[in-house]
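A.B. asks: Okay, so TrEMBL annotates it like this:
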{"type": "DOMAIN", "residues": "197-477", "note": "domain 'SAM-dependent MTase RsmB/NOP-type'"}
{"type": "BINDING", "residues": "GLU312, ASP339, ASP365", "note": "S-adenosyl-L-methionine binding site"}
{"type": "ACT_SITE", "residues": "CYS416", "note": "active site, nucleophile"}
Amino acid sequence: MEKTRKSGFFGVRDLLCPEVYNHLELQCPYSPEAASSFDSFIDNLLVPAPTRSLRVNRINCTDSSVALAEAEQCIGMKGHVHPQFPDILIFPPKQAPEVPPKRCSFLNLEFPDTQELAAEDEVGGNPKKVTEDMGAPCRQNNSIMVVVGPQCGQAVLRGAHVYAPGVLAAEPGSRLGSVVSVWAIPRPSKNTPGCAATCMRSLAFLRGAYLDGERRNEVEKWGVFCGRGTLAQSLKDVFLHSKGLAIRMQSACDLSSLPASVVAQQLPSCVAGFVLSPLPGELVLDMCAAPGHKTSHLASLMKNKGVVVAVERSKKRMEEMKAHLASLGASAVECIHGDSAKNKWQCSLGGPTQLKDRFDKVLADVPCTGLGLRPRIVYDDVDMHSVREAARYQREFLAAGCALLKPGGVLVYSTCSISWAENEENVLWALENLPLTVEPPEPYFPGAQPPQNKVPVQRFCPSGQTIGFFIAKFRKQKEAT
């Protein structure tokens, strides 16, 4: 029997295809202490995590307090060093000075002080239930509405400005310098039934269209408020030329000019590096390396001594990663264009054939469905077929990485998905089909969910302070003597 929803309210269930929703509901473990229901648990995917993390780049800076001071000066807000992980700096999200509507945006949430969040982490406390009591939106003091595409809106919710190609429609009456409210229409799966999904699909805009009162009301009912911003160019120029910065968002956090002492990196991704724990002088493989944040972390943990072979399938992303790593001083990394899942790559030490059983450590942070990323309002690219295909592809990385790992070496497997098929199911597959044993993925993040069975893994739930994430640690069995 279909569950009922308040009028004008929607959740992730209204965006996901039913098969994926059922898969997550049946097999995605969550703590009743963290959320009152599965819907309130998964609806956290609609809003950003209540903190933002940076990692200290110890290649360039050995003092976390110095890195924190430089980051605070660059970002313009106060943060703190994580109490358990001194390499991680925690910052609150930048908030707009005005109160927005009650909708799926972090701008309407009251976040605790970052030190309070640290105390929660220390005791393993429950995070603020950010999606409780999100009712219908209120009108924004008659401010001019601008509608952006769903991918653009998702980027804005993650801290970006609005650029001209993302603008779809707007109310008339704006001019250069006008303060506008930015909205996006979520993109549900094509297989999702129900009123909410149907109404969202019907809200299609021809680029350059003007909104009337009726359309504005529909957007306020079925859209997501992304924040306020100031027009950086007239809407006429936005639609005519379709290039450049269109709206300078009050909530944006520009991390493009961070000092070399810090790197923008999600906290669970940092924990994956700590779990792998590469040592100076080791030979390490990063199977899916771009954009290079995890790769630079591995080089930092190795004190830039040894070799990190960083393989990336996209040549463009590999070149960008190479420049990024050079700016961070990660000289221990060799960037390679190739396909690590298919064993099609070559580095200065040789290829997969020559390097079989040679790597001390392997990081397989694999491509996935991204079902743990937050905020996320685009779900038309996820169905059970794509989940199963992602899991199958991920097994190719596990098999290829295992073959390159030396006996007794460590492989860390991670995804930014919360689906069982891409996580625990693949761990069980690896244990049955590869010469691997599983070990506790220490260190554990205090807010991570305890394992639900005898297989020790580390799950980061979207109801916590982070994105949804998964980490498993394997060790290759030594050959029998």
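Glycine residues also receive a Cβ, built from the backbone N, Cα and C atoms like all the rest.
Just so you know, TrEMBL annotations never went through curation; they're auto-generated.
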A.B. asks: Between ASP339 (S-adenosyl-L-methionine binding site) and the residue listed as 'active site, nucleophile', what is the CA-CA distance rounded to a whole number of Å?
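C.D. replies: Spelling it out, the Cα of ASP339 (S-adenosyl-L-methionine binding site) and the Cα of the residue listed as 'active site, nucleophile' are 20 Å apart.
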A.B. asks: Using all protein chains shown, find which of the binding-site residues GLU312, ASP339, ASP365 scores highest when you count other CB atoms within 10 A of its CB.
C.D. replies: GLU312
A.B. asks: Near CYS416 (active site, nucleophile), which residues of its own chain have a C-beta under 8 A away, given they sit six or more steps off in sequence?
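C.D. replies: Residues satisfying the criterion: GLN266, PRO268, SER269, CYS368, GLY370, GLY372, LEU373, ILE467, GLY468, PHE469, PHE470.
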A.B. asks: Which are the residues of the chain, GLU312, ASP339, ASP365 excluded, whose CB is within 8 A of where the CB atoms of the S-adenosyl-L-methionine site average out, their centroid?
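C.D. replies: The surrounding set, listed in chain order, is ASP286, MET287, CYS288, ALA289, ALA290, VAL311, ARG313, SER340, ALA341, PRO367.
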A.B. asks: Specify the secondary structure state of GLU312 (S-adenosyl-L-methionine binding site) as given by DSSP, simplified to three classes.
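C.D. replies: Once the DSSP labels are grouped into three classes, GLU312 (S-adenosyl-L-methionine binding site) ends up as strand.
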A.B. asks: Can you see whether DSSP assigns ASP339 (S-adenosyl-L-methionine binding site) to helix, strand or coil?
C.D. replies: strand
